[in-house]
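A.B. asks: Below you'll find the structure I mean.
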Amino acid sequence: MLLSLLLLLLLGAPRRCTEGAAAALSPERVLKWQEKGIFIIQSESLKSCIQAGKSVLTLESCKQPNKNMLWKWVSNQHLFNIGGSGCLGLNLSNPEQPLGLYECDSTHVSLRWRCNRKMITGPLQHTVQVKQDNIIVASGKRLHKWISYMSDSGDICQHVHKDLYTRKGNAHGTPCMFPFQYNHQWHHECTREGRQDDSLWCATTSRYERDEKWGFCPDPTSAEVGCDAVWEKDLNSHICYQFNLLSSLSWSEAHSSCQMHGGALLSIVDEAEENFIRKQVSGEAVEVWTGLNQLDVNAGWQWSDGTPLSYLNWSPEISFEPFVEYHCGTFNSFMPRAWRSRNCESTLPYICKKYLNHVDDEIVEKDAWKYYATDCEPGWAPYHRNCYKLQKEEKTWNEALHSCLSSNSTLIDIGSLAEVEFLVTLLGNENASETWIGLSSNTFPVSFEWSNGSSVIFTNWHTLEPQIFPNRSQLCVSAEQSEGHWKVTDCEETHFYVCKKPGHVLSDAESGCQEGWERHGGFCYKIDTVLRSFDHASSGYYCPPALVTIADRFEQAFITSLISSVVNMKDSYFWIALQDQNDTGEYTWKTAGQKSEPVQYTHWNAHQPRSSGGCVAIRGRNPIGRWEVKDCVHFKAMSLCKQPVETREKMEHEERWPFHPCYLDWESQPGLASCFKVFHSEKVLMKRTWREAEAFCEEFGAHLASFAHIEEENFVNELLHPKFNRSEERQFWIGFNKRNPLNAGSWEWSDGTPVISSFLDNNYFGEDTRNCAVYKANKTLLPLHCGSKREWICKIPRDVRPKIPSWYQYDAPWLFHQDAEYLFYPHSSEWSSFEFVCGWLRSDILTIHSAHEQEFILSKIKALSKYGANWWIGLQEETANDELRWRDGTPVIYQNWDKERDRSMNNQSQRCAFISSITGLWDREECSVSMPSICKRKTFWVIEKEKDTPKQHGTCPKGWLYFDYKCLLVNVPKDPSNWKNWTQARDFCFDEGGTLVAIESEVEQAFITMNLFGQTTNVWIGLQNDDYEKWLNGNPVAYSNWSPSDIINIPSYNTTADQKPIPLCALLSSNPNFHFTGKWYFEDCGKEGYGFVCEKIQDSAGHEVNTSIMDPIPNTLEYGNRTYKIINANMTWYAAIKSCQLHGAELVSITDQYHQSFLTVILSRLGHAHWIGLFTADNGLHFDWSDGTKSSFTFWKDEDSSFLGDCVFADTSGRWHSTACESFLQGAICHVPTETRPFEHPELCSETSIPWIKFKSNCYSFSTVLHSASFEAAHEFCKKEGSNLLTIKDEAENSFLLEEPFAFGASVQMVWLNAQFDNETVKWLDGTPADQSNWGIRKPDMAHFEPHQCLALRIPEGVWQLSPCQKNMGFICKMKADIHTVKEHPGKGPSHSIVPLAVALTLVVILAIITLSFYIYKQNKGFFRRLAGVGNSYYPTTNFSTIHLEENILISDLEKND
C-alpha cells in the first residue's frame, strides 16, 4: 500500500476528488467567487459545465454548481480546480487519455493552458473538447467553445492570473507562486495559516517546505483605505510610504506592486518631501525606483500617479538625448542631486506612496469642465470665468510678464486639461505656433511656480521635457500650439505671449443648451440613466439625434467629468456610438441616419477591443472613462447623448486622399495616405530597441508604423513578403505599445493613430511586462519587452517630405529581395552597356536562380513595362552558338525558356538572354539589340557604414586548433611548475609566432571554454587594464564577457595609498566557484599559477585550405562525460523527440556553460539551427526540459527570444530561440541522459525574527545586507538570532554566495566576514581553519594597514578586503539547519508546538520513504532520472579529471596527414 501511494505521488498521478456529492453553491456565492477570479467553465453549445470527478472531468448540469466546478487561472498558465485542489493536466505520452487533475508541479504531464477566443488551448495545439457527450479530453481535431457561467461577458479570459508581488520575507519581492503547497495543502491565494500575527503571506515557489522562499502579500482589506502596518505615515503631510528596500524589481513590476497595495510609486512634490524620504533611508546605501518616467512617447517626464511635475532635482549627468534608453527615474539618498534615470528593465528596490485622503486621479474636478458663459472686453477671448488675449508681439519672458501686469492681467497660468484645450484653440485661431506661459523657476533645486502665485496643480510637458539648463539662474516655460505641451526655454528668447484676467460670468441660461444638458465647445451633452441595449440606445429616439462620438482627448476628459457626477454603482457603463458594424473587427462611429464615420481618437481599457462584432460602452469606475466592447443585444447600459448647440446642416465633405507620390525610396499604394519604409538588418548598422527605433523614425520626421485601417496592414504585409525568405522569422518594431503607466494598460500607436481593431490575441492577456509589439510577415503582432533589439518599419504622411539625417547615406532605389538587391533600368540599351553599368555599381546583370526570384522579377517588370517589353538578363554565349552561361560565373540551376520559339544554331552573332514582361519566359537575342535591364548585387550598401573585406583560410601547426581564420593553442600544463604569469605567457606566444588570444566572437569564446572542460586553472588572455578597449594584437574589443558584466577594471581593495598600483591582466575563468565559467576578470599580471591561450593567423602562403574538406561532424559525439547524437533531417520539434527516442536518447537538455559551449561550436560548424529539448506551454513565462531535467542555466539570444513560440532551438552561435513547435528545422541534438544524485540536505531552518535561505546544511539571512553596522554590532545582531556572521568554508559555498546577492544589484557593496586576519593568516572566529581564501589581486600586507582591521567580502566581485572594524557596512548571518525543528509558518515568531513524539514519527517516516525510494530507484534508474528535482540548484563541484580530447572535431584532414 505504501509503495502504491509513493508511486502515485512521484508520478504526479491524477488527484481524486472528495468522495460523495459536493455541496451546491448559491448564485450569490458563485458571483462572490467571480470577484476573486474564480469561475465556472460552461460549454457554449451544450450548456453544461465542467466538473472535476474522481478520475476524469465530465460535463454536468450547471443548475446546481459546486466547488468541483470552480476553476481559477493561477501561475504558469495553470488551471486550478478549487474543489479537487489540483491542476488541469494533459498526458503528452497519451494525449487521447481523458483530462484529469494533477499535482500542480508535476513534471510528467503538461499543465499549461491558454484561453483564446472562447477556446482553451494546450501544447501541440490540443484544445479542450468533449467526447462521448460528457467526457472532457484534449484534441487537435475540432474546436469547442467555452464561456464563463453566470458572467456578464461570458469571457473565460477575463480572470487571467496576474502576478502578485511580495514584500519583505526572503524572496526579494518576487511574485507569489499559485498554487503553493504548505502544510500538505495547495493554496490558490495568499493565506494567514501559520501566522501568529494574522498577516497574509505566500510562497514564491510551488512547495514552501522544500524551498522556504516566501513574502508578505498585499492585504485587499486595507488596500483601499488608510495606512496599515506595512506603511509608514508622515504625520505632517498625512501621506504614507512603503519602503521595499529588500526587493529587486523592474520599474513596471514595482509600479504594479505599489498599485496592488493601493498606492503608487513614489512621487516627490517638493524639497520637504525629498528630505523626509532621504531621512527615512539614510542608513541604506540604496538607489530606488520612483514613479518618474518618460514612457508616454507623445509627452515628457511625468509621475506615474498623475502628480504634477514641478519640482526637479536631476543629477548633472542626466541625458536628454532621444536615443538614450534611460526612461525611468530613481532616487539616491546618498547624493545631493539625487534624481537619475535608468533603463526601466533594471531591477532595483522601490518606494510606494499613498494618500490618506486619496481620490481617484481620473475623477477630474467637475468644475474645470463646467461651461460658464463669460463676458469680456473687446479683443479678449472669454473662457470659464476668465478673459484671455494673445499678444502678437515677440518679447522675452520677463518683458511679457511686465506687459501683462501693465494691462491689469497676468501671464497665463494653466490649471487643467480644459484650459490646455482652450489655449490650443486660441493659438490655432491666431495662427501662432508658440507662446510664453507664466511658469518659471528661480531656485535650486528647480521648483516651477506660476507668476500669479497660484498653485501648480497640473503640468503638460513636451517630449524630453523638462530639460534643465546648467548654470542658469532662471528657467522659463513656453507652450506649443499643436497639443499645448510645455518646454523649458531660454528666458531671453522672444515669443508671443497670452495674458489672462477675470471676466464677468453670465447666467446659466445663456449656455445655449436645454435644461439637463451640459455644454462643451459647440455641443450639448446629457446622460440617459435608463439601462438599455445598444440597439435601443442608438435608435435616435431616447438619445436624439445620436449617441456621443468622441473626437479627441479633451472631449474624452469632459465626458469623464460628466460621468463622475452620476456614478454611484461599481459596475456602471454608458453606451457611445462606436460599433463594429460589419463584424470585420474594425470599429467605426454609428451616427444619425445609421451612417459610419471614421474614428479619430480612442480611449480603450486594458485588453480592449477584445473581440469583433461588438458595441462600445464607457466604464463608470475602476478605471473611469475607459472604453470596453460589450454585447450589443444582451448587455444593458446607460447612454451618453450629444447634439450641436445650434441646429445646422451637416456639411458632407468628400475625404480626399493625397495623391503626392512617396519621396525617395519610401513605398505606398494608391488609396493609402501614408508611405512606409522597412529598415532591416542588411541595411542598417544594428538592430535597435523600441525607443531607439522610434527615435530613428523621428529623425526622418516619421514614426514607427501604425495601421489606421486594414488596407495599411495588408500593404505592410505585402511589402514584407517578397523581401524576406518565408522560412525566416523576421520581426519588426511597429508603433503599437502600452508603455504609458497613465494609460490603464491599454495599447496605443506612437503616432497617435486611433486603435480601431483588436490586433493582439487573448493569448497575451495578463502578461504586463511586454509593453511593445513587433509585426511578423504572417499578419500577426507579438508583444515583446521594449528593450529587446529588432528591425523596424517607419511611416510618414504621403504629403510630408522626409528629413535627411546627417548620418544617412542615401542609396539609389535598389529593391531588396531575399538576400539580394536589384536595380531596374527601364531605359533601353545593348547588353554590353548594362554589363559595364552594373559592374561600375559593383553588381552584375541579373541572374535568376529560383521560381520565387523569377516571380519577383516578373511582378516588377510588369509594373514598369506599360506596353510589355523584353528585359536583358545575365545569360550570354561566350562565342556564337555556344552554351549560355551566367556572366557572374554562377551555375545555371533554374531555367524558364520559351519552348515555342525557334532556336536556330546558325547565328553569326553572339547572343544574350532576355525575359519577357508579358509571359515571364526567357529567350535569346543578339546582344547588340537595345532593351532595358536589371542589375543585381549581393553586397549591400549599408546606410550607416560599409562592410569589411573577407579573409582567407590557411593551415595551423601540429597541436594547434583551427578556429575560423585563426590557429589557437589552449595551454594548461599538468605540472604546476610550468604555470605562468601574464608576461611569461605573452612571451611564450610571441616565441611561437603569435600573441595571447583576442576573443572576437561568442563562438570563439565557446570554443576556448569547451577546451577547458575538467580544468580548474584559469587562463591568461590578451588584455591589460591600462588599455582594456584594445587587444594585445591591436584590434579593438568588439566582444566582451566580463565578470560581472558591468565591471571591467576592478581595483585592488587591499592596496593602500602607500603601495604602488598593480598592473592587471585578464584571465578567462574555468573555475566556476570564484568566477562564472568562461567569464573574464583582472588579476595581478605578475601572479604565476595560470595557463594561457595563444593565437596566430593561419598560414595561407603554402596552400589555401578549402573549408569544405574539413572533417564532417560525426553523428555521435562524446564530450564531458556525455554522449550526443546529431539528427540531420527536416523535422518539427515533436518529430525531433520521437527521432531521439528511436536512437535510444532524449532531445538534449543543457545545464552548464561547458556543454553549452561545446554545442555552440558544433552548431557553428553545422551551419543551421537545431532543436533542443526546451519547451513552454504558457507563451514563454516558464520553460521545462522534455527529459525532466531541472536546471536554472539559460542561454537565450536576448530577453525576448523566449516569447516567440512554444519550442526552442539553438542557432549557429549557440543562442536559444523559441518558435512554433510545428516549424521545420534541419536537425536536432539528442543526448543519452546521465543519472542525477538525489537531494542530500533535507534539514530545515529554525525560525527567528529574520527570514532565512537554506543552502546545503546551512541557513543564511540576506535581509541584513542593506543594513549599515560595525563589525561588532553585526556580530551581536547575528548572535541574538542564534547565528554567526558569515563564514565561507568551501568553493561550493563561495559559488552560492556569488549568485544569491545578485538580486540586490548595485545596492550591495560589502558584507562582514566572521574572521580575523592575524600574522598573514585568516582565522574564522568560530574556531575552524580558513582553508578557503580569495584576496583577489593582492594579499594584504599588514605593515601598510592601521590596526583593528576586520575582514569583508566585496559583492559582486567576490573578493576579500580588509576594512576598519568600526566602518558601517552590510552583513549576512549564518547558522546550521536543524532537522529537529518543525516549521509551522514562515517569518516572525518561533513555534512552541514541538512535540517529541512528532519528531520521532517524522524521522521514522523519512527513513521509511528513503529506504523505499532507494529500492524503487534500484529497480528503475531510467525512470528516476526524470524525477530529479532542483530543490537546491547549488551542488558540490565535481573534481573532474582532465579530459584529453584526442581529436578535436575542428582539426582538418591536412593536420591528420602531417
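Placed from the backbone N, Cα and C atoms, the Cβ positions cover glycine too.
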A.B. asks: For the feature N-linked glycosylation site in Swiss-Prot, which residue out of N431, N1106, N1121, N1439 does the record point to?
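C.D. replies: Checked Swiss-Prot: the N-linked glycosylation site annotation sits on N431.
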A.B. asks: Which residue among N452, N471, N1054 does Swiss-Prot mark as N-linked glycosylation site?
C.D. replies: N452
A.B. asks: Looking at Swiss-Prot, which of N91, N313, N778, N1041 is flagged as N-linked glycosylation site?
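C.D. replies: Of the listed residues, Swiss-Prot records N-linked glycosylation site for N91.
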A.B. asks: Which one of 165-171, 179-185, 1082-1088, 1432-1438 shows up in Swiss-Prot as motif 'Endocytosis signal'?
C.D. replies: 1432-1438
A.B. asks: Just to confirm what the record says: which one of N408, N981, N1319 has N-linked glycosylation site annotated in Swiss-Prot?
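C.D. replies: N408, according to Swiss-Prot.
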A.B. asks: Of the listed cysteines C1140, C1365, C1373, which one does Swiss-Prot record as disulfide-linked to C1278?
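C.D. replies: Looking through C1140, C1365, C1373, the record in Swiss-Prot gives C1373 as the partner of C1278.
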A.B. asks: Just to verify a number: CA distance, C615 (disulfide bond) to C49 (disulfide bond), in angstrom, no decimals.
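C.D. replies: Between the Cα atoms of C615 (disulfide bond) and C49 (disulfide bond), the distance comes to 28 Å.
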A.B. asks: How do the residues of the domain 'C-type lectin 3' (511-645) split into helix, strand and coil according to DSSP?
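C.D. replies: Residue counts in helix, strand and coil order: 17 helix, 47 strand, 71 coil.
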A.B. asks: Mind looking up the mean pLDDT for the domain 'C-type lectin 8' (1243-1376) in the predicted model?
C.D. replies: 78
A.B. asks: About how far apart, in whole Å, are the alpha carbons (Cα) of C1278 (disulfide bond) and C1365 (disulfide bond)?
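C.D. replies: Counting only the Cα atoms, the answer is 16 Å.
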A.B. asks: For C104 (disulfide bond) and C935 (disulfide bond), what Cα-Cα distance in Å is obtained after rounding to a whole number?
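C.D. replies: Here the two Cα atoms are 61 Å apart.
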A.B. asks: Neighbour count, 10 Å Cβ-Cβ cut-off, for C87 (disulfide bond): what number do you get?
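C.D. replies: Total other Cβ atoms inside 10 Å, all chains included: 28.
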A.B. asks: Where the distance is taken from Cα to Cα, which of the disulfide-bonded residues C87, C328, C1350, C1365, C1373 turns out closest to C912 (disulfide bond)?
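C.D. replies: In terms of Cα distance, C912 (disulfide bond) lies closest to C328.
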A.B. asks: Just counting, how many other CB atoms are there within 10 A of the CB of C927 (disulfide bond)?
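C.D. replies: Other Cβ atoms within 10 Å of C927 (disulfide bond): 19.
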A.B. asks: Calculate the distance in Å between the alpha carbons (Cα) of C491 (disulfide bond) and C344 (disulfide bond), and round it to a whole number.
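C.D. replies: Per the Cα atoms, C491 (disulfide bond) and C344 (disulfide bond) stand 33 Å apart.
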A.B. asks: Looking only at DSSP and grouping its letters into three states, which state does C491 (disulfide bond) belong to?
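C.D. replies: Once the DSSP labels are grouped into three classes, C491 (disulfide bond) ends up as coil.
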A.B. asks: I'd like to know which of these disulfide-bonded residues, C49, C62, C697, C838, is least surrounded, judged by other CB atoms within 10 A.
C.D. replies: C62
A.B. asks: Of C935, C1278, C1365, the disulfide-bonded residues given in the record, which has the fewest other CB atoms within 10 A of its CB?
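C.D. replies: Result for the disulfide-bonded residues C935, C1278, C1365: minimum number of other Cβ atoms within 10 Å at C1365.
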A.B. asks: Far apart in sequence but close in space: which same-chain residues, 6 or more away, have a Cβ under 8 Å from C190 (disulfide bond)?
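C.D. replies: Sequence-distant Cβ neighbours: L164, C176, L200, W201, C202, C217.
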